[in-house]
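**Student:** So TrEMBL says this about it:
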| type | residues | note |
| --- | --- | --- |
| TRANSMEM | 12-33 | transmembrane segment |
| TRANSMEM | 70-92 | transmembrane segment |
| TRANSMEM | 99-117 | transmembrane segment |
| TRANSMEM | 123-147 | transmembrane segment |
| TRANSMEM | 159-180 | transmembrane segment |
| TRANSMEM | 262-280 | transmembrane segment |
| TRANSMEM | 300-320 | transmembrane segment |
| TRANSMEM | 341-363 | transmembrane segment |
| TRANSMEM | 375-396 | transmembrane segment |
| TRANSMEM | 408-427 | transmembrane segment |
| TRANSMEM | 439-460 | transmembrane segment |
Amino acid sequence: MAGQGLPLHVATLLTGLLECLGFAGVLFGWPSLVFVFKNEDYFKELCGQDAGPIGNATGQADCKAQDERFSLIFTLGSFMNNFMTFPTGYIFDRFKTTVARLIAIFFYTTATLIIAFTSAGSAVLLFLAMPMLTIGGILFLITNLQIGNLFGQHRSTIITLYNGAFDSSSAVFLIIKLLYEKGISLKASFIFLSVCSTWHVARTFLLMPRGHIPYPLPPNYSYGVGWTGQSKPILLSPLETPGKGQKQEPRSFWSYALSRRFAWHLVWLSVIQLWHYLFIGTLNSLLTNMAGGDVARVSTYTNAFAFTQFGVLCAPWNGLLMDRLKQKYQKEARKTGSSTLAVALCSTVPSLALTSLLCLGFALCASVPVLPLQYLTFILQVISRSFLYGSNAAFLTIAFPSEHFGKLFGLVMALSAVVSLLQFPIFTLIKGPLQNDPFYVNVMFMLAILLTFVHPFLVYRECRTWKETPSAIA
C-alpha cells in the first residue's frame, strides 16, 4: 500500500483506463459526429440546390458528394491513426513515456480546439483536426499498454482491457451528439475536452513512469511518486519469474519485422481492420439508404450503434482466455523444462482464430440489407473489433521481444494503414458503378476474411513444431 491511498500501480491502471475510455479512440464514434456535422451544414455547398436540410430525408439521402467528403475525412483519420503509430512507436521506444505523452497531449489539445472553433464555412479544417486527434489518441494507448507489465499473470487481460477501453471511447461522440440534441453546442463540448488536457499532464508526471515499464519485471521494481505516495515494490509471481526459455537470443528489429510470423500477422490485421473501417466510415450512408432517407430512423440506429460500442465490457474475455491458456501451458512447460516463450505463443491461437470467426459473422450480417438485423451487426462489430486490437497488441507482446514492441506495434499499424486507404475507392465504387449495392464488395471481403484463418493455423503449426523440436521456435 502506498501511503494512505491506493497502491500506485492500481491507481495507474484505473486512471489509464479512464484515459483510454474517455479520450483515446474517439475516431470510431465518427457516425455520431457526422450526424451533427450534417445538421450544422458542413460541406452542404457540395450538395447543390436540390439538397434540403438534414430534416429533409431526400436531401440527406441524395447528397453523394457530402457523404464522400465525410468518408474521405474518416479515411484520412483512420489512416493516420495507424500509419503514425510507427513513428510514434519509435518515439516511445527512443524517448520513453514522458516525452511520448507530452506529444500526445499537444496533438490532442490542438485538435479539439480546432474542431471547437470550426463552422460550416471552415469545415475543411476537419482534414487537419481528425488526423491530429487520432495521433494523440494512439499515443495515449501506446503509453498505457505497458501498464499490463505490472500485473504478471494477468498481463494479457490488462492489455486487452485497455484496447477495449480504447474502442469504447467512441461513445464520447455519441455523448456529444446527445448533448447537441439537448442544446449543448459542439463548441462547448470540444472546449471541455481541451480543458481535460490538464488532467493528462498531471497524470503524466504523477502516475506514470519516466521511462518504460520492463517485462518481465525485475525484483523489487518500483517507479514514480504521485498523490498516492511512494510506490511499493512489485513482486513477480513464480510463473512470471524469468527462467529457462524465458529469454530470447538478441536479434535485430528487422529480423523480426521480415519474419513470416510478422507478415501473416500483418495480413490478418489489415484485412479485418479494412472491413471495420469501411463499415464505420460508410455507416451513415448505409443506414440512410436502408431507412429510405428517414432521418429519425437514421438517428435511432446511429445512437444504437454508438451505445453498443462498449468494447471494454467484452475485450477482457479475450485476455482472460489468453492468460488462462498461458498459465496452463506454462505449468506444463515447467514440468517438462520446455520454453515458456513458446507455450505463451501457443496461447494466442484460439484468440486469433476466434477474432477471424467473429469478423466473418459480422460481415455476413452486415451484408443482409434488413435494418432490424443491424442491431446484431453492431454487437458483432464491437466484439470483433475489441478482440482484433486486443489480440493484436497481446500477440505482439508475446511473439516478439519487449524492447522492439513499440516499433513492431507501430510498423504493423502503419502498414495496415496503407491497406486501409482502399476504403475510399471502395466507397466510391459502391456509390458509383455499383449504384449503392455493396453485395459484390461484401462477398469479396468475406473471401478475404477466410484468408485470415491462415495466420492462427501457421502459429498452431509452429506450436506443433515446438513440441516435436523445442529449439525450432525462435
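Cβ atoms here come from the backbone N, Cα and C positions, even for glycine.
Because the structure is a prediction, the values reported are computed rather than measured.
Give me the structural setting of these features: burial, nearby parts and distances.
**Tutor:** Residues of the same chain lying 6 or more positions beyond the ends of the transmembrane segment (12-33) and with a Cβ under 8 Å from any Cβ of it are 6, 74, 77-78, 81, 108, 130, 133-134, 137-138, 140-141, 144, 147, 150-151, 158, 161-162, 165-174, 176-177, 193, 196, 200, 203, 207-208, 224, 280-281, 283-284, 287, 302-303, 305-306, 309, 312, 385.
Here the transmembrane segment (159-180) has Cβ contacts under 8 Å with residues 16-17, 20-30, 32-33, 35-36, 39, 137, 141, 144-145, 147-148, 186, 189-190, 193, 302-303, 306-307, 309-316, 318-319, 322, 382, 385-386, 389-394, 397 of the same chain, all six or more residues outside its ends.
Sequence-distant contacts of the transmembrane segment (408-427), counting only residues of its own chain at least 6 positions beyond either end whose CB sits under 8 Å from a CB of the stretch, comprise 68, 71-72, 75, 78-90, 138, 142, 145, 253, 256-257, 262, 265-266, 269-271, 273-274, 277-278, 281-282, 392-393, 396, 400, 441.
When Cβ-Cβ distances below 8 Å are used as the criterion, the transmembrane segment (439-460) is approached by residues 260-261, 264-265, 267-268, 271-272, 274-275, 278, 345-346, 348-350, 352-353, 356, 359-360, 363-364, 366-367, 426, 429-430 of the same chain, each at least six residues removed from its ends.
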**Student:** Report yes or no: does the transmembrane segment (123-147) come within contact of the transmembrane segment (300-320), defined as 3 or more CB pairs under 8 Å with a sequence separation of 6 or more?
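**Tutor:** These two segments do not touch.
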**Student:** Could you name the stretch, out of 70-92, 99-117, 262-280, 341-363, with the greatest number of CB pairs under 8 A to the transmembrane segment (300-320)?
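**Tutor:** Counting Cβ pairs under 8 Å, the winner is 341-363.
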**Student:** In the same chain, which residue numbers or ranges, 6 or more beyond the ends of the transmembrane segment (70-92), come under 8 angstroms Cβ to Cβ?
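**Tutor:** Sequence-remote neighbours of the transmembrane segment (70-92) are 27, 30, 34, 37, 43, 99-100, 103, 126-127, 130-131, 133-135, 137-139, 142-143, 273, 277, 280-282, 284-285, 405-411, 413-414, 416-418, 420-421, 423-424, 427.
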